[in-house]
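See structure below.
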């Protein structure tokens, strides 16, 4: 029963949003240039595993410093939630083929080859790169905003938007895949931030020794003592 459901989900997306996806592909095809291709390849990196995994590691490290702990918790939790939503649940469930596979006989395929012909091993919906970029951007933006750095909070969101658009331009995702990735990333980022906020509050108000110890833990102080 599950294979039938997954097949129907991917096919339903292809059929229902064909006109919408096709129209947006036409627009991106119309602006194709060497500069745009270079720009797309630059921004697509911000959703790649080669970027997200190091950010995850940085998030873990930030948890050991009192001043940055909120950021560390938020980023780490958001990435975990986003990965579960996109890679563990939705991609295998929807099982949608990539546009460069389903549109292999379409004139757009020549465009796909011209912009690099990137291939991906997993399924198309939702866009994992877009999820990755948005889960990091939203959790970081909310942390920055809560610290009164509203102007800086805009930057990661702009990068995330450009990452999503790059996936359409490079034709490794349908526009609807990117929309799905935006939603998944937003959910992961918001949940990650508020869960991190709850953890921080719990540690600050903790009455037991473990909670107080974790709250007082600060790698910065330990490093200063060793100097």
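We number each residue from 1, going along the chain as drawn.
Note: Cβ is positioned from N, Cα and C throughout, glycine not excepted.
Unlike curated records, TrEMBL annotations are generated automatically.
Checking the ranges 11-30, 71-90 against TrEMBL, the transmembrane segment annotation falls on 71-90.
Looking at 121-139, 178-196, the range annotated in TrEMBL as transmembrane segment turns out to be 178-196. Checking TrEMBL for transmembrane segment across the ranges 42-64, 203-225 points to 42-64. Against the transmembrane segment (151-172), stretch 42-64 shows more Cβ pairs under 8 Å than any other of 42-64, 71-90, 178-196.
Listed by sequence, the residues of this chain that lie at least six past the ends of the transmembrane segment (42-64) yet keep a Cβ under 8 A from its Cβ atoms are 71-76, 79, 127-133, 136, 159-160, 162-167, 170, 217-219.
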